[in-house]
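Visitor: Sharing a structure below in structure tokens format, with a few things to ask.
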Amino acid sequence: MEKKYILYFLFLLPFFMILVIAETEEENPDDLIQLTVTRNKIMTAQYECYQKIMQDPIQQTEGIYCNRTWDGWLCWNDVAAGTESMQHCPDYFQDFDPSEKVTKICDQDGNWFRHPESNRTWTNYTQCNINTHEKVQTALNLFYLTIIGHGLSIASLLISLGIFFYFKSLSCQRITLHKNLFFSFVCNSIVTIIHLTAVANNQALVATNPVSCKVFQFIHLYLMGCNYFWMLCEGIYLHTLIVVAVFAEKQHLMWYYFLGWGFPLIPACIHAVARRLYYNDNCWISSDTHLLYIIHGPICAALLVNLFFLLNIVRVLITKLKVTHQAESNLYMKAVRATLILVPLLGIEFVLIPWRPEGKIAEEVYDYIMHILVHYQGLLVSTIYCFFNGEVQAILRRNWNQYKIQFGNSFSHSDALRSASYTVSTISDGAGYSHDYPSEHLNGKSIHDMENIVIKPEKLYD
């Protein structure tokens with residue numbers, strides 16, 4: 001019997017092992033995917049290193065030097081004796097910071113440094129993850145800051161669009177441009193949230209590299225371009241209205257639609273073709289390629305044009321204020337106010353702060369400032385151009401007052417009806433059931449008249 005049970009156990013053991021392995025894979029699919037990605041990166045780097053070692057010319061300079069080598073993670077060139085070679089940390093592991101440095105020492109004898117404990121050649125990777133915890137915390141803070149910013153932007157922009165569409169008296173060309181700009185902000189915010197939560201952080205999706213992932217990246221880049229080109233449309237409209245022709249007739253909005261929604265398709269399509277041919281990485285998610293300038297170049301050009309429009313508009317405003325002979329302080333305050341209102345709409349802050357500073361604290365401050373400027377721009381624009389708009393405030397105030405008056409009248413009317421009905425009902429009940437009344441007439445009306453009044457109480461107000 002025992003032998004029989006042992007045979008059953010041996011027969012079922014492989015199935016139990018399969019179940020355990022499958023359960024482990026279901027519990028930690030991301031770990032297995034990350035391990036596969038890391039292994040592929042290391043194998044690719046190793047292959048490229050050996051190719052480089054064989055193809056590079058032999059060192060011709062005199063003197064002692066350490067030979068080129070592969071240390072298991074990185075490739076090292078020939079180095080003169082007594083020097084220290086340095087390069088950036090690899091991105092194989094999640095806790096490695098590619099901005100930190102790896103060092104490898106070549107001693108005076110032309111041998112790579114050996115660790116005293118293991119007596120093996122050793123490369124110093126200790127700096128790669130020394131500040132990982134702090135940087136991960138900063139990255140998480142920026143991630144949550146981004147999600148909250150886009151969420152608030154979507155909510156405020158949808159409310160603004162609802163106001164613009166509901167109140168027909170606000171309809172004009174300027175509001176039409178605002179509607180399209182706000183809608184582009186909404187689309188861009190929604191796609192950005194999906195990209196950050198469902199694509200960028202989904203290693204399984206990136207590893208499988210479906211076509212839908214690349215299509216989504218194409219849509220993401222296209223909508224980002226639409227966002228900035230609708231900013232350009234706002235700048236062109238304001239410049240035409242204030243500088244070119246103040247008393248001109250209505251402008252043709254068809255060209256604005258083409259520029260805002262149509263033109264961004266051109267760089268987006270060119271980038272997609274170039275990415276497919278020259279840098280076809282998974283989901284086109286990598287930013288380590290100059291092909292992104294196909295998208296960023298037109299955006300920077302649009303922002304520079306908007307910067308010119310802004311400066312010219314401020315110049316015209318200052319000139320007009322000087323003609324009115326107002327006080328100097330008031331003149332500059334109005335010019336500054338106009339500038340501060342235009343800056344968030346036209347996106348000039350990306351031109352004013354284009355360079356990332358060096359230094360840990362400076363970089364962190366820069367990241368927070370840029371994340372606020374970029375991801376809260378929809379909230380800022382909707383606040384300034386809708387909620388702080390005098391016309392919008394006047395219409396909302398007028399409708400709110402009308403609603404309060406109507407609600408108050410309705411409430412007072414219903415209270416009066418209930419009070420009158422209660423009074424008349426009491427009188428009717430007394431007349432019908434009391435034997436103490438000297439006459440069947442009350443207040444000049446008969447009991448039958450009172451019954452009619454109870455049935456039709458609105459007659460009290462005739």
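Just so you know, the numbers here start at 1 and follow the chain as drawn.
Using the three backbone atoms N, Cα and C, a Cβ is placed for every residue, glycine included.
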Visitor: On the question of membrane sidedness, does Swiss-Prot record Gln393 and Arg114 within identically named topological domains?
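Guide: Domain labels do not match for Arg114 and Gln393 in Swiss-Prot.
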Visitor: Of the listed cysteines Cys75, Cys89, which one does Swiss-Prot record as disulfide-linked to Cys49?
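Guide: Checking Swiss-Prot: disulfide partner of Cys49 resolves to Cys75.
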Visitor: With reference to Swiss-Prot, which of the candidate residues Cys66, Cys106, Cys128 participates in the disulphide bond with Cys89?
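Guide: Among Cys66, Cys106, Cys128, the cysteine that Swiss-Prot links to Cys89 by a disulfide bond is Cys128.
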Visitor: Top stretch among 141-165, 177-199, 211-239, 254-274, 368-388 for CB pairs under 8 A with the transmembrane segment (291-315)?
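Guide: The stretch I would name here is 211-239.
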Visitor: If you count every Cβ pair below 8 Å, which range out of 177-199, 211-239, 254-274 shares the most with the transmembrane segment (368-388)?
Guide: 177-199
Visitor: Between the Cα atoms of Cys89 (disulfide bond) and Cys106 (disulfide bond), find the distance and write it as a whole number of Å.
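Guide: Computed Cα spacing between Cys89 (disulfide bond) and Cys106 (disulfide bond) is 19 Å.
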Visitor: Please work out the helix, strand and coil residue numbers for the topological domain 'Cytoplasmic' (166-176) from the DSSP assignment.
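Guide: When I sort the residues of the topological domain 'Cytoplasmic' (166-176) into the three classes, I find 8 helix, 0 strand, 3 coil.
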Visitor: Who are the chain neighbours of the transmembrane segment (254-274) in space, where the CB to CB distance is under 8 Å and they lie at least 6 residues beyond its ends?
Guide: 177, 180-181, 184, 214, 218, 221-223, 225-226, 229-230, 232-233, 236-237, 284, 291-292, 294-295, 297-298
Visitor: How many whole Å apart are the CA atoms of Cys66 (disulfide bond) and Asn124 (N-linked glycosylation site)?
Guide: 16
Visitor: Can you tell which of Asn67, Asn119, Asn124, Gln203, Thr289 has the least company, meaning the fewest other C-beta atoms within 10 angstroms of its C-beta, among these recorded positions?
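Guide: Comparing Cβ neighbour counts within 10 Å for the recorded positions Asn67, Asn119, Asn124, Gln203, Thr289 gives Asn119.
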Visitor: What is the separation, in Å, between the Cα atoms of Asn119 (N-linked glycosylation site) and Gln203 (site 'Required for ADM interaction')?
Guide: 38
